[in-house]
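Colleague: Questions regarding the structure given below will be posed in turn.
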Amino acid sequence: MSQPEMIAATNFIRNMIIQQREAGQQQKVITRFPPEPNGFLHIGHAKSICLNFGIAKEFGGDCHLRFDDTNPEKESQAFIDAIKEDVNWLGFEWTGEVRFASDYFEQLFDWAVDLINNGKAYVCELNAEQMREYRGTLTEPGTNSPFRERSIEENLAEFNKMRAGDYPNGAKVLRAKIDMTAPNINLRDPILYRIRHQEHHQTGNKWCIYPSYDFTHGQSDAIEGISHSLCTLEFEDHRPLYEWFLNNLPVPTKPVQTEFARLNINYTVTSKRKLKLLVDEGVVKGWDDPRMPTISGLRRRGYTPKSLRDFCDMIGVNRSGGVVDIGMLHFALRSDLEHSAKRAMLVLNPIKVVITNWEEGREEMLSSPSHPAREELGERTLPFTKELYIDSNDFMEEPPKKFFRLAPGQEVRLRNAWVIRCDEVIKDAAGNIIELRCSHDPDTLGKNPEGRKVKGVIHWVSATHGLPAEVRLYDNLFQVESPDSDKDVDFLEHLSADSLSVVEAIAEPSLATAQAEDRFQFERVGYFCADRYDHQPGTKLVFNRTVSLKDTWAKIQKKQG
RNA sequence: UGGGGUAUAGCCAAGUGGUAAGGCAGCUGGUUUUGGUCCAGCCAUCCGGGGGUUCAAAUCCUCCUACCCCAGCCA
């Protein structure tokens, strides 16, 4: 899976389009990705993006980027900019200019007037609370608004006054006249326009009334000639309304809405509302905090666009929303990084090793490929000196069975260098190990030792050439599988205490030239990414742990108890 | 209790009347100067449950159960 883009899995939407084509309905496929600019995009949006852009690409069609900007109170230009960047970064390009539902406000207004003229819409003066009471409940029908039978002339006059700014926020709304007894609550005279004296990021102060989602979305699709309007399952109940507008308005085309299940992943949340809360509460440092499942957070963490696309292909598209194991996301990530990331060595928890049979001051410049299977990625130089650092996890004074690493009297291979044996363990007064005195076998560089097998290989960094590096170790934000499934416990209660720990590590010298966002596999440790903002080449090295390597040894240890 | 949906392995997911794809995870071995990668093999007599139709059912009918969404002037 690492090299060729994964073959896109089949899904019911693709099948539907294929069937439509076989049936001779040769319409051009035009989809759209319609985010509201009220927050950052997350992994769930990535699924929708891959679907919409993927479908368009596969069938030789177009995919528009359209901001569903009908609620200026919650939206901003900053979110628009971030969303555009995320879509591009994921590897997609929309057809034509970026579009805005607000581009269609004038047309929408005219259509609302059409509805009034046809006796299908009216201005209602019920306040929010009354409106709720008149709406009825899930099991009881609603009752007609006392304003329902106003004359067309009066409705027209009132609606124009609404637009003119004659009324304060919330004073009146324009509603469709459908059926207050409909079992589907969305059909109980839904709101078309509400009064909001609020500057809009695109239209400025031109409007003080704004159309609702329902009155905007389908018609925007129709204006753009969208053939397949794909959205998530919670809009299924809105489809009759979506169609009602298309059937009662002189729209140029008749798009069809199809719903699919939204993405859920365990150990995280994929709800813009909850992610916003994490940001607002200061739980994370921003929408693009590397712990966030936002696209920009994943990017900063070190995820590749390809890994996200592959993941979306892997999980499929259907209508039976389940919960995807985050392990699948990690799998998609590791498969891509295994192929694309250069290798390097970095010691997280240093312990000093002195090579006793190495002459004082001698430096050997070893060379090692940047990738074990990709010569074209070049080589880097590894200075070998008398004093080195290895990871303290790679040494045990009293090793258990099958511990292939360093232990007193035991031999181990230093990756890309010689085999060494631990001869002596030096401790301080408190009994802490402060140094390992080892001897190297000079006849083992690039070849196996004579007459014996050394199975273990550990990574190391020269103590005299190693570079200090700040390493940010990230883990799941939540410590339970479904942080938001418990109705009685707030999801913030499930936050993990150690989703981030910062350690000072020692990096091999070649890492001095790493650029921000460069990704590496620190051998035997994991995949890391130079921080997009804080990393300064040659000055301040900052690496984010994207994901660890699979750790079979940890698994064995667990089994052994 | 109204309306709309969904149920295939621990997880994701194909399948649309002809006898259960694939992936993740897991388990066995092999290769390996990353306990990584890679390679080989194993992993649903069964498709939420009960009836029924049929030579034949995960696929059709029927009853039942569980779970999800809807009562914002949010999207």
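Every residue gets a Cβ built from N, Cα and C, even glycine.
I grabbed these lines from TrEMBL:
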type    : residues                                                                                     : note
BINDING : A:E36, A:P37, A:N38, A:H42, A:I43, A:G44, A:H45, A:A46, A:K47, A:S48, A:T232, A:R262, A:L263 : ATP binding site
BINDING : A:D68, A:Y213                                                                                : L-glutamine binding site
DOMAIN  : A:28-320                                                                                     : domain 'Glutamyl/glutaminyl-tRNA synthetase class Ib catalytic'
DOMAIN  : A:341-440                                                                                    : domain 'Glutamyl/glutaminyl-tRNA synthetase class Ib anti-codon binding'
DOMAIN  : A:457-531                                                                                    : domain 'tRNA synthetases class I (E and Q) anti-codon binding'
MOTIF   : A:35-45                                                                                      : motif ''HIGH' region'
MOTIF   : A:269-273                                                                                    : motif ''KMSKS' region'
Colleague: For A:T232 (ATP binding site), what is the secondary structure by DSSP, using just helix, strand and coil?
Modeller: strand
Colleague: Summarise the motif ''KMSKS' region' (A:269-273) by DSSP state, stating how many residues are helix, strand and coil.
Modeller: 2 helix, 0 strand, 3 coil
Colleague: What span in Å does the ATP site cover, taken as the longest CA to CA distance among A:E36, A:P37, A:N38, A:H42, A:I43, A:G44, A:H45, A:A46, A:K47, A:S48, A:T232, A:R262, A:L263?
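Modeller: Farthest-apart Cα atoms in A:E36, A:P37, A:N38, A:H42, A:I43, A:G44, A:H45, A:A46, A:K47, A:S48, A:T232, A:R262, A:L263 are separated by 20 Å.
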Colleague: Give me the non-local Cβ neighbours of A:K47 (ATP binding site): same chain, 6+ apart in sequence, Cβ-Cβ under 8 Å, ordered along the sequence.
Modeller: A:R262, A:L263, A:C312, A:I315, A:V317
Colleague: Once the chains shown are all counted, how many other Cβ atoms turn up within 10 Å of the Cβ of A:E36 (ATP binding site)?
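Modeller: The Cβ of A:E36 (ATP binding site) has 17 Cβ neighbours within 10 Å.
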Colleague: Using a 10 Å cut-off on Cβ-Cβ distances across all protein chains shown, tell me which of the binding-site residues (A:T232, A:L263) has the largest neighbour count.
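Modeller: Most Cβ neighbours within 10 Å: A:L263.
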Colleague: Measure from the CA atom of A:D68 (L-glutamine binding site) to the CA atom of A:T232 (ATP binding site) and give the result in Å, rounded to a whole number.
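Modeller: Per the Cα atoms, A:T232 (ATP binding site) and A:D68 (L-glutamine binding site) stand 15 Å apart.
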Colleague: Among all the protein chains here, how many other CB atoms are within 10 A of the CB of A:I43 (ATP binding site)?
Modeller: 23
Colleague: Could you break down the residues of the motif ''HIGH' region' (A:35-45) into DSSP helix, strand and coil, giving a count for each?
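Modeller: The composition, in the requested order, is 3 helix, 1 strand, 7 coil.
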Colleague: Out of A:E36, A:N38, A:I43, A:H45, the binding-site residues in the record, which is closest to A:Y213 (L-glutamine binding site) when you go by Cα distance?
Modeller: A:E36
Colleague: By a 10 A CB contact count over all chains shown, which of the binding-site residues listed here is most packed: A:H45, A:D68?
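Modeller: Of the binding-site residues A:H45, A:D68, the most buried by Cβ count within 10 Å is A:H45.
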Colleague: Taking every residue in the domain 'Glutamyl/glutaminyl-tRNA synthetase class Ib anti-codon binding' (A:341-440), what is their average pLDDT?
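Modeller: Value for the domain 'Glutamyl/glutaminyl-tRNA synthetase class Ib anti-codon binding' (A:341-440), mean pLDDT as a whole number: 97.
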Colleague: Using C-alpha atoms, which one of the binding-site residues A:E36, A:N38, A:I43, A:H45 comes nearest to A:D68 (L-glutamine binding site)?
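Modeller: Result: the closest of the binding-site residues to A:D68 (L-glutamine binding site) is A:E36.
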